[in-house]
Amino acid sequence: MKDVNVGICGLGTVGGGTFNVLTRNASLITGRTGFNLRIARVATRTPRKEFDLGDIPFSTDIFDVVNDPSVDVVVELIGGYDTARELVLAAIRNGKHVVTANKALIAVHGNEIFEAAAKQNVIVSYEAGVAGGIPVIKAVREGMAANRVDWIAGIINGTGNYILTEMRAGREFAEVLKEAQDLGYAEADPTFDVEGIDAAHKLTILASAGFGVPLQFEKAYTEGISEITPYDIAHAEILGYRIKHLGIARRRDEGIELRVHPTLVPRSHLIAQVDGVLNAVLVDGDAVGQTMYYGPGAGDEATASAVIADIIDAARSVAAKSNQRVPYLGFEPAAMEDLPVLPMEDVQSAYYLRIQALDRPGVLAKVASILSEHGINIESIMQKESELKDGRIPVIILTHTVQERQINRAIEELEALSDIDEKVVRIRAENFN
Ligand SMILES: NC(=O)C1=CN([C@@H]2O[C@H](COP(=O)(O)OP(=O)(O)OC[C@H]3O[C@@H](n4cnc5c(N)ncnc54)[C@H](O)[C@@H]3O)[C@@H](O)[C@H]2O)C=CC1
Ligand SMILES: N[C@@H](CC=O)C(=O)O
Ligand code: NA
């Protein structure tokens, strides 16, 4: 039986999970593929005693893996931008297929990496990088290949969803973040999780694979969950909504929306039920309609599941001595459309507004009049006498869908009123129509 040789770079959370699943399920994988996935070399900065490498060659220099002539598939699981980029480009130069879980690398350096890989005709795959163990890249790139994809929206950061879920149950942000780190869910720098950078990396990749546009991470709008308060979580619930951190990409005639931010979603929608480290991605195609992909977005073996599926695809190519591959971003390069990313002011959304107003007669009428002057219709309004504190009372408003430009102008005017002396809190809302 043929061996396909795999070299693993990085033996942390995902590397460790990959090693364990590859070892534990070796014969099952052989039964599915007809060849033997052999771990030919492992490299990581610090050796880990809990993994019994037996006679597998080990080094602390990851470049030993890409320079090992026996290695067919290089698996990059070190994370980060720079060294990972050098490593992957070196592997490609050496004619090796590459599997990575590194969405930061693909979102930022993917255009360059795919161009280099195309010249060598090697596979570079990244399923584990987007929504962890959920095979969503396979679904969008291959399963939905017949469709024009119109929009994609998803919970695509496990750490953030874990934090929002636990906050809803009354727990503190900082305590839950520490727990997510201990469980191996968070990025090396957890601000990537809580400030939406990680979700923007993943959304950038999803939008490219769905719409056939180049990767444009630098143009994505990114807002995290660090400003979300228990008060807003509770009041969204009263209005029939749940706050989720979403990545949203929408194709419009003028360009694409590419945005990551906390979002009110109807509590009755399936996506509102997605809790903890789970992720879910909604993809709308013109032929199939709305589809949803759901499962663990982070964690050692859950992520390893996607890494190994990619290794198997690359290994099939090695075993068959074939040069056939699915286009990196689902479209042939000549068919990619360089659609502009629309400015946030052009985005269309509904909004949740929390206005801290002085308890004076006529304030509500002034607020309603400013919104109306800007063409903003109110879906619901809530003010509770019991919340009067220090002479101020919160007014909660849910608007109909408008352009972000209209809301920005209205908020400027609201904040200029003498009856309002705090910043207006604004959270976008989606109904997925
Ligand atoms: N943890 C998770 O649930 C998920 C992580 N990812 C991605 O997978 C990648 C790895 O993440 P984790 O396993 O969580 O990180 P980790 O920090 O647990 O593991 C990284 C490993 O690589 C080693 N390493 C880093 N730089 C190195 C270098 N220059 N030379 C030698 N060894 C080096 C580290 O010593 C460590 O053992 C990242 O790109 C991450 O974004 C993707 C999906 C889920
Ligand atoms: N830190 C990421 C890991 C997976 O991509 C997350 O929490 O989703
Ligand atoms: Na995935």
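Just so you know, glycine gets a Cβ as well, placed from its N, Cα and C.
Taken from TrEMBL, the feature NADP(+) binding site applies to Cys9, Gly10, Leu11, Gly12, Thr13, Val14, Gly15, Gly16. For Gly12 (NADP(+) binding site), the same-chain residues lying six or more positions away in sequence with a CB closer than 8 A to its CB are Thr44, Leu77, Ile78, Gly79, Gly184.
Lys103 (NADPH binding site): 29 other CB atoms within 10 A of its CB, across all protein chains. What TrEMBL records for Lys103 is NADPH binding site.
Remark: Glu187 (L-homoserine binding site) has Gly79, Thr159, Asp193, Asp198 as non-local neighbours, by Cβ distance under 8 Å and separation of at least 6 in sequence. Annotation source TrEMBL lists L-homoserine binding site at Glu187.
The active site, proton donor feature in TrEMBL is assigned to Lys202. In the structure as shown, the Cβ atom of Lys202 (active site, proton donor) sits within 10 Å of 28 other Cβ atoms. Secondary structure at Lys202 (active site, proton donor), taken from DSSP and collapsed to helix, strand or coil, is helix.
Under DSSP, residues within the domain 'ACT' (352-429) fall into helix, strand and coil as 27 helix, 30 strand, 21 coil. The annotation domain 'ACT' is assigned in TrEMBL to 352-429.
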(message) For the NADP(+) site (Cys9, Gly10, Leu11, Gly12, Thr13, Val14, Gly15, Gly16), what does the 8 A shell look like? I mean other same-chain residues with CB within 8 A of the CB centroid.
(response) Ile8, Gly17, Thr18, Phe19, Thr44, Leu77, Ile78
(request) Identify which of the following binding-site residues, namely Gly10, Leu11, Gly12, Glu187, place a Cβ less than 6 Å away from any atom of ligand 2, and list them by sequence position. (result) Glu187
(message) Please list the binding-site residues from Thr13, Val14, Gly16 whose Cβ falls under 6 Å of any atom in ligand 1.
(response) Thr13, Val14
(message) So if I draw a 10 Å sphere around the Cβ of Gly16 (NADP(+) binding site), how many other Cβ atoms end up inside it?
(response) 21
